Each structure stands twice: as C-alpha cells, then as structure tokens.
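Colleague: One structure, pasted below without further comment.
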Amino acid sequence: MRMIKTVWVFVFLLATASCAGESSSGKESSLDYNDLKTMVKDIIQTEEGQKTIKEVLTKDEVKHELILSQPEIKQAVLTALTSEQGQKQLKEMFDDPKFAATVAKTMQKENETLLKTLMKDPEYQGMLLDVWKDPQFEKQLLDLMKSKAYREQTAKVVEDTVKSPLFQEKLMRILEKVQEEASKPEKNNEEKGSGHENQGDEDGSAEEGGSGGGSQ
C-alpha cells in the first residue's frame, strides 16, 4: 500500500537525518541496514515518533499524496472480503447498528438500481417464484402476517397512505372515472328510450294520416 510505503520512507528519512546530525556533531556513524531497521522500529514505538508521524499525515499535501488509486482500493477491498480475518472483522462492523445504517443509506440508490435490474431478469424471476412456492416459505410468510407486529405495521402504513394528499387526489380521480363510466349506460338507455318514443310517435302519425285519407 502506498500509504504504508510513504510512512516507512518518512521514518527512514527521519532516522537518516538523526544519523546525519550525530555525524555532523563529530560522532562516527557506521550503521548498516539491520542497525537502521532497528532504529526505525524504535522510533515508531516511541510516543514522540508516533506523534511526529501523525502530524505529518495530517498535512493536506501529504494526504493528497496518500490518496489511493482505484485499482489499489479494489484490490484492498477484495483482499479484505475474501480473507477469513477480513470477513470476521466485516461481520463485527456490521453488528454495529449505526455502521450498518450508514452503509445502507450510502448504498440505497445502488441497491434500488440492482433490484430493478434483477426484477427484469428471467432467471431471477424464476428463482423468486421458486422461493414463493416453497411450502416452508409460505408458512413463514403466513405466520408473519398473523403476527400482531405485522398487523400493526400494516395498519400504520395504510393509515399513512390514506392521509397522503397525493393518494387522496388519485383516489378522487379514480372515483370520478368510475362514476363517469357507470353513468354512460344510463345515458345510452335514455337515448335509446327517447329514440323509440319518437319512432312510435312518427308511426302513430303515419297511421292517422292514412286513415284520414281513406275516409275521404
């Protein structure tokens, strides 16, 4: 990881500068790699060394240099998810309700998109139907629907929906359309009835005219 490498380089430079200071003061310095490695470890373990490293890492220019590229992030995530220790730590993290809620909110849009895509997938639809047809799943679903908590939640959802102005507007439109459709047969019957009456009047007039002509 670039971040770890940068920290080690910084500590190495710190140790080198320390050695250079000692050399300039007249002391001989003949540190080999192992001696330098031991010195670096000692510096990291000291409170002063850790404090110095933290101060360096808080600087904006250092943060900019420590930004990981996408391939590195991807590889780090894959390593964390596939390793046994990583999976254990991930499970512990998701046991925290606050962390789980934050992750869920962050991924909500992606999850919705994924779900919509899956719902259009024939293979996923078939798997979903198989689950619904499972007697054990059906029993669990019925038990859930019979529970008091489920009924209370369902009642609350229905109540909130009915109170929604948008729902009320849609409901009014539906009722108006139903009423309009229901009144159409009555209008048609009235028109047909008036048509028959007019026809009857015309026929009666024709008969009267015919009889009048015969009497003359």
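The backbone N, Cα and C atoms fix where each Cβ goes, and this holds for glycine too.
It should be emphasised that the depicted structure is a prediction, and the values quoted were computed from it without experimental measurement.
According to TrEMBL, the record shows the following:
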type     : residues : note
COMPBIAS : 177-199  : compositional bias 'Basic and acidic residues'
COMPBIAS : 207-216  : compositional bias 'Gly residues'
DOMAIN   : 66-178   : domain 'Spore germination GerD central core'
REGION   : 177-216  : region 'Disordered'
SIGNAL   : 1-20     : signal peptide
Colleague: Using DSSP, what is the helix/strand/coil residue split across the domain 'Spore germination GerD central core' (66-178)?
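Modeller: For that range the per-state counts are 101 helix, 0 strand, 12 coil.
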Colleague: So what's the average pLDDT for the domain 'Spore germination GerD central core' (66-178)?
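Modeller: When the pLDDT values over the domain 'Spore germination GerD central core' (66-178) are averaged, the result is 83.
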